[in-house]
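Database features, via TrEMBL:
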type: TRANSMEM; residues: B:16-40; note: transmembrane segment
type: TRANSMEM; residues: B:60-82; note: transmembrane segment
type: TRANSMEM; residues: B:103-129; note: transmembrane segment
type: TRANSMEM; residues: B:149-176; note: transmembrane segment
type: TRANSMEM; residues: B:188-212; note: transmembrane segment
type: TRANSMEM; residues: B:224-244; note: transmembrane segment
Amino acid sequence: MRYLVIRTENLSKHFDRRVAVENVTLDVEPGEIYAVLGPKGSGKSTLIRLVLGLIRPTRGRVMVLGMDPLRQGLALRQRIGYAPEQGVFYPWMRGDEVLRLLAQTRRLPLSESAADLAHQFGLDLSRPFGAYGWGERKILFLVHAFMFSADVLILDEPTVGLDTVAQDVFFRLARQARTEGRTVFFTTSSLLEAERLCDRVALLWQGRILAVERGVQLRAKTLRRIEMRFATPVACEAFAGLPNLEELYLEENKLRCTLRGDPDAFLKVASQYRITDFISQQPSLDEIYRRYYGVGGYAA
Amino acid sequence: MLPDMIATALRARLRWLLGSGAGVLVAIIIWLGITPSLSFENLPDWLELTILADEGGEGVLFTLILPFLMGVPLVLEASRWLGEEISRETIAFLLTLPVRRWILFLGGWGFHVLLLLLLLGSGIIGGWLGATVLEGGRSVSSILTPARWVALGLFLMLLIHVGMLAALFAANTWVGMGSAVGLMSVSLLLYGWSQHIPFLTWLRFILPWYYYVVTIQGGESAQVGWWFMGGINLLLAGGLAWIFRQGRILEAPQYSKDKKLLTER
């Protein structure tokens, strides 16, 4: 039997008659970076709370590191590093005091690795928590999650509010944790983040799992809206033969299209002409859901 | 961990404590200073019985002044603990740490008991100062009767428990505050009616105010008051601990958030 770090079986959580999470079954393996991808309100934070044993499921069950979070919560929480979506704490406490207090809960002194992590993120630990912006608060909780050798890191929207430098630090730390054999389980509403970082991604929609994709598969499904201007008019036929090009619109020297997956072939064709302008945009998660999974605001 | 948590909370509320403590102390001194010029003789009997109006004004101190003066800030503080979103989110985060739930509960609940004790201490100092320094002729023993302060403490604890429970269920500070202060005010009002209107006499036995009044009055019926006040506080504290342990604090904010988001879907 496979050893799974996180296993949920038909997990459901209803608040009165409202469904927050419905029949979610997940298998997270050791040493894996696993994301739950979904738009706001899709049930990601509820799922995290269920996995942590903070709330009781209406149906189904959760096992984390082979333990039931509701019954063996104390032992389990020793082995989990958690960062909340919007962490709050005593506003007058300095960053290092917060980390020291949190370390005390594990009967550990504040290690130098905490200061090192804060330095990597560019966080000043001598400032009071109340003076931190949302991004800095998020960083402080990420430092807390990573500063112990937790077997599993459970992170709720870890990159929301972070600048690009801090995001890169987070990506690096997550990959490092994976190479050390630790598991990173996090929620995100960014497709880009999921495809860049994750081994597997569960796509959540209105509390239900639509699909579980490998990172590679997700990259193949990536959509990019391309807008290009060329120095001279180009022939439509040059692009029309490309298999992963959709909604192609060409008007003299201006091209608009939607590119799916690998951009290599498209760029090779385009580079035969002199390009004067280039814009690439990623469509919303909603659109990805609509195109590939038939759900979403515009779904039929 | 428990002492650390209480010390941390105390540090966070130091200014509140200093302000409230000083307010109670000064208010008692002022009250004891002005009562000699007040006359309660013209009050109707039922009102005298309701607010325990006596010549020295000590009864009124324990019925009208101190329960409201100390009760309102204490209940507000207690309701904030389990009702305010920031406080609830902090507790929710602390619950993800390897700390036992009962320690977290005791940290918060014990902190509010400590606040109550410190305010009572401030009141006792104010009473002593008022009676000995400002009012040389006043009987110190009638103000500093231990039973009266213990009864006040139990009554305030009852209000704190009601405030905490209401705030916990409603996930709202003001609901907690309103429930506890409303209970005290309505209880006082109905107790007054039960003194005034003969066929409502039975009503007093279901009112916390009655049990509070009989304990500060002393005498034979005080025994019933002590049992009621002690018993109901134990019951409410036990119930609150049980509900906290069941994770109610985590369900309610998540519920309100999810409800909002699900409505937006």
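Any Cβ shown, glycine's included, is placed from N, Cα and C.
Contact count against the transmembrane segment (B:224-244) (Cβ pairs under 8 Å) is highest for B:149-176, out of B:16-40, B:60-82, B:103-129, B:149-176, B:188-212. Residues 1-2, 5-6, 9-10, 13, 17, 20-22, 24-29, 32, 61, 66, 70, 73-74, 77-78, 81-82, 91, 94-95, 140, 143-144, 149, 152-153, 156-157, 160, 164, 237, 240-241, 244-245 of the same chain, all 6+ positions outside the transmembrane segment (B:103-129), place their C-beta atoms under 8 angstroms from a C-beta of that stretch. Using a Cβ-Cβ cut-off under 8 Å and counting only residues 6 or more beyond its ends in the same chain, the transmembrane segment (B:60-82) has close neighbours at 13, 16, 20, 23-24, 27-28, 31-32, 35, 40, 50-54, 88, 91, 108, 111-112, 115-116, 119-120, 123, 127, 143, 148, 151-152, 155-156, 159-160, 162-164, 166-168, 173-177, 180-181, 184, 188, 212-213, 216, 249. With a cut-off of 8 Å between Cβ atoms, the residues of this chain six or more beyond the transmembrane segment (B:16-40) that come close are 10, 48, 53-57, 60-61, 65-66, 69-70, 73-74, 77, 115, 118-119, 121-123, 125-127, 129-131, 134-135, 138, 143.
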